[in-house]
Amino acid sequence: MGNSCAKGSEHKTFKWTIDGFSSLLDKGAGWTCSSVFEFMRVNWCLKLNPKDRKRNDKKEHVSLKLKLMRTSVKPDTVIEASFKFLIYDQSFGKHREHLGNHSFQAASTTSGTSCMIPLKKLKTSGFLVNNSCTFGIEFIKVATVKTSAPLETLFVTKMNVFNEAKVYTWEIQDYFALKNPSYSPEFEVGRYRWFITVCPTSDGNHLSLYLKMKRPNDLPKDSGNLVEFTLSIMDLENGKDKRSTGRYQFSNNVTYWGWRKFISLEDFKDASNGYLIKGKCCVEAKVAVVGPSKTE
């Protein structure tokens, strides 16, 4: 898909088709990320929540956010962006749009939420055809550039015995002997090798926790895998584990996802929380490959 350019302005559109949308709905509320795409020499991704709720509104909405990848912005840089969130009506060849703008910077890498359409209406309209729907983002920038619009299709598959989530537990006998960063032994899920990485943040106030794919070159060019995973630091005393869950795209360009400030070091080292007992702790990863994606 091409883009029309006018003097002094540039438009670029990224389209994201989700095939098997009902399977994504079965997973409930939560944010799913597209693959990473480039615009104006920085990397972005779209985030979709199929069961979002507005404040004081009981109706479920399909919502979109725009995220700037943290590695694309310097601490002293602000990226002012204006854009349109899009959802395509496949029956009439039209689309619904919502204008947005955001000042992206290191401390604010995600735009506000845009509730695009009530979920009930989406299910009974031309936005959802053959269990497939297409979303997009159109950038509006002051520049003179010719670009193409990559189209990503995400194939969400139903969970079964072949792609069900697997759990790996990393038992750390002496946390204080670990190097920074430290890596767990490898484990296999969905024909790929993975490991967990843990390290304190540069300010020394938090603990970072990430899931990393070891050999991303096994993935064909312009393709990726949507991975649903939960990382947990286990409570060895009370059973109240600290955990976070997300669905993210892994590819040759993006080999790891996780949480930079997973837990404060103060809470982690507080013996009453049960996370670190006499130098011992346990980190758990629950990983499932939800479906492949292809960018054309």
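Using N, Cα and C of the backbone, Cβ positions are placed for all residues, glycine too.
Annotated domain 'MATH' per TrEMBL: 11-139 (among others), in sequence order.
Positions annotated as domain 'MATH' by TrEMBL: 165-287 (among others).
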- For the domain 'MATH' (11-139), what are the DSSP-based totals of helix, strand and coil residues? 13 helix, 75 strand, 41 coil
- Task: For the domain 'MATH' (165-287), provide the mean pLDDT of the predicted model.
- Result: 90
